[in-house]
Amino acid sequence: MRERSGEAFLYDRAILDSRIAFVTASFLLAYGFTALLDRVGAPERFVAAAPPWFTLLALAAIGFLLHSMRVSFYYAGARAVPAAYSGFANAAVAVALLLPFATRLAGRSWGLGVVFGAFLGLAGAALFLGPLLRKSGAYSLSSLLAARFPGAAPRFGLIAAVALSSGLLAVAGSQIAVDGLVDLTGAGPVFAAFAVAAAGLVIAGPGGLGAAIWAAAAAAGVALLGLGWPILALSFQGELPIGLLGGPGWREASSLLSGWRLMPSPMGLEVELAATLAMAMGVGALAPVLAPAVTTDNVGAARASGVAAFGWSVIFALFLAAAIAASALSLAASVSGQTAERLPEQIYAASGRGLVAICDARARTPSQAQRACAAQKIGPGAPLRATDVRPLDGLYLLGALPGATDLGAAASGLLASAIVAFGLALAAMGLQACGAAVGNDALYRMRGEIDLTSRRLAITRLALVVVATASYVASVTQIVTPGGLIALALAISAACVAPAVALLFWERAGDREALAALLGGAAGLIGALILAGPARKIEVYGLSALAGATLGLAAGVMSALASPKAKPEAQSFVRRLLHGDGEIIAPDKGA
């Protein structure tokens, strides 16, 4: 790609800023109009449902309008995305990974374990591996690994692992968005699943990474507004039951979440340490998390993007934690001391949809709740405890905050929009990473061979259609959960991809070592998961991934020690990547 002159750069940036201002104003006007409808007494169900559906359509429109047949834009965002926006988009993807485990944020489980491991992996990806990927000139992590280990077996094996983990994340993101639409707006699951799958396909299909990154940046803006408005509004009114950075309310919220069985019990220092390492390796080697660095102009911009991604991720995590903790405290206050037949109407509605258990049962009406509590030996007229009305899902608590604190239907719609935006951002970036691995990295080495651009894009888009169809089926049938899919994707990334990434920097490692690490990691992961049985927490996936990664890395190291020391091509690759100009991949003929 040619360097642009200073005048051309300023002109392009002015056009970009004007487009961003237009999109921002459009979103704000739409949400402001929804708030106005809420003020004038429009039906609450319509006011709460309009923002998330508008968000879905608007993000899809952004992706569609950025359609392109240029390889440089489709696979690398034209290397022209400003670091601030690239990092903002990456934060949305990183935080979406934690949404199914968001109660751990509210429970202040930020030490050793899943949350700390995720942020540790994000730091490694955003501040080290992402800039290194940009320095190499590669379009993706799988293309860098394919260039380092060009043999057919390790190349296709690693690309398959990257594509599988990215595809699982795409399905998980779609399910998060569908659950937000169904649980918080009352939409039909079949129509919501079709709409979300189509939106993800419209974003990633026509415009590739360029469209996905800008749609993710817009989604991050929606999420910031949707999460920030309720928290800041309650804070300014003096009604926020917890402090954003600390306070006694957090301990009570953590106790409630544990009593509702939404917070896992501590599993011991060894297990938490293993989960930390596995999460760090999984997130650090995850293609959708590394992809935003590829879209920046240079290595310095990629590093700045990483700093922005980490900072915004912490802010989003704080808002998520505060929203869930405040919702838990507000819900407990509204039901404690009430009788089973006098609970708030929204509790009965949520229980009827399977989101809340009243005395461990689904109760659509006060009479059903009274009978359920009588079966628990709680007589008519007896006051209930907070633990007798139990939310079954952390995302319900997140979406229930505006209703529990009387912020209005517009705030409920905005919070639902935030959940939908997070899910759609993860779905689009997962789709793009999976499609790029299959359509570009697996079939085109980017080493000077000529291949038709249209053929590559067609294969990529075909892969996107297949994954989007799988997302639709999974969302309709509910045969898997978003948390399980994300845990499995991270386990595959940690066990199968991370060892190869480590060997990438070792001059004695070659194709045989990469294949040994891949096969060892896959065998260890599969064996550990089979031994663990079907009921698995993310910590179990982490332990299995760590077992696979250890076995894979040991196999790769033993193979390297048994092979001849001299590998001139590997030495040249590593030295140029780490200490040279880094441009180890030839320019793409289709760019």
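Quick reminder: no glycine exception, Cβ is built from N, Cα and C everywhere.
Per TrEMBL, the feature transmembrane segment maps to 20-37 (among others).
Beyond the ends of the transmembrane segment (49-68), by six or more residues, the same chain brings 23, 26-27, 30-31, 34, 37, 74, 177, 180-181, 184-187, 195-196, 198-199, 202-204, 206-208, 210-212, 214-215, 218-219, 222, 226, 410, 413-414, 416-417, 419-421, 424, 428 to within a C-beta distance below 8 angstroms of the stretch. Per TrEMBL, the feature transmembrane segment maps to 49-68 (among others).
Note on the transmembrane segment (80-103): residues 12-13, 16, 20, 114-115, 118, 122, 126, 169, 172-173, 176, 210, 213-214, 216-217, 219-221, 223, 257, 262-263, 283, 288-289, 292-293, 295-297, 301-302, 304-313, 315-317, 320-321, 324, 394-395, 397-398, 419, 421-423, 425-426, 429, 481-483, 486, 490, 538 of its chain, located 6 or more positions outside it, place their CB under 8 angstroms from a CB of the stretch. Marked as transmembrane segment by TrEMBL: 80-103 (among others).
Same-chain neighbours of the transmembrane segment (109-133): 87, 90, 94, 97-98, 101, 140-141, 144, 263, 269, 272-273, 275-286, 289-290, 292-294, 299, 302-303, 305-307, 309-310, 313-314, 317, 501, 538-539, 542, 577, 582, counting only residues six or more beyond its ends whose CB sits under 8 Å from a CB of the stretch. Here TrEMBL flags 109-133 (among others) as transmembrane segment.
According to TrEMBL, the feature transmembrane segment maps to 154-178 (among others).
Annotation source TrEMBL lists transmembrane segment at 184-204 (among others).
Within the chain, the transmembrane segment (211-232) has long-range Cβ neighbours (under 8 A, six or more residues past its boundaries) at 23-24, 27, 31, 51, 55, 58-60, 62-64, 66-68, 77, 81, 85-86, 88-93, 95, 203-204, 240, 244, 291-292, 295, 312, 315-316, 319-320, 322-323, 326, 401-402, 405, 407, 411, 414-419, 421-422, 424-425, 428-429, 431-432. Annotation source TrEMBL lists transmembrane segment at 211-232 (among others).
Residues or ranges marked as transmembrane segment in TrEMBL: 273-295 (among others). Within its own chain, the transmembrane segment (273-295) is flanked in space by residues 76-81, 86-87, 89-90, 93-94, 97, 112-114, 116-118, 120-122, 124-126, 129-131, 133-134, 138-142, 162, 165-166, 169, 209-210, 212-213, 216, 267, 302, 305-306, 309, 426, 429-430, 432-433, 437, 489-494, 497-498, 501, 538-539, 541-543, 545-546, 549, which lie at least six positions past its ends and keep a Cβ under 8 Å from the stretch.
Within the chain, the transmembrane segment (459-480) has long-range Cβ neighbours (under 8 A, six or more residues past its boundaries) at 74, 163, 167, 170-171, 174-175, 178, 189-190, 192-194, 196-198, 200-201, 204-205, 208, 427, 430-432, 434-436, 438-440, 443. Taken from TrEMBL, the feature transmembrane segment covers 459-480 (among others).
The feature transmembrane segment is assigned by TrEMBL to 486-506 (among others).
Panel annotation: around the transmembrane segment (515-535), residues 149, 151, 153-154, 157-158, 161, 491-492, 495-496, 498-500, 503, 541, 543-545, 547-556, 558-559 of the same chain, lying at least six beyond its termini, place a Cβ under 8 Å from a Cβ of the stretch. Taken from TrEMBL, the feature transmembrane segment covers 515-535 (among others).
Tertiary proximity for the transmembrane segment (541-562) is limited to same-chain residues at least six positions away from its ends with a CB under 8 Å from its CB atoms, namely 114, 117, 271, 274-275, 277-279, 281-282, 487-488, 490-492, 494-496, 498-500, 502-503, 506, 508-510, 512-514, 516-529, 532. Residues or ranges marked as transmembrane segment by TrEMBL: 541-562 (among others).
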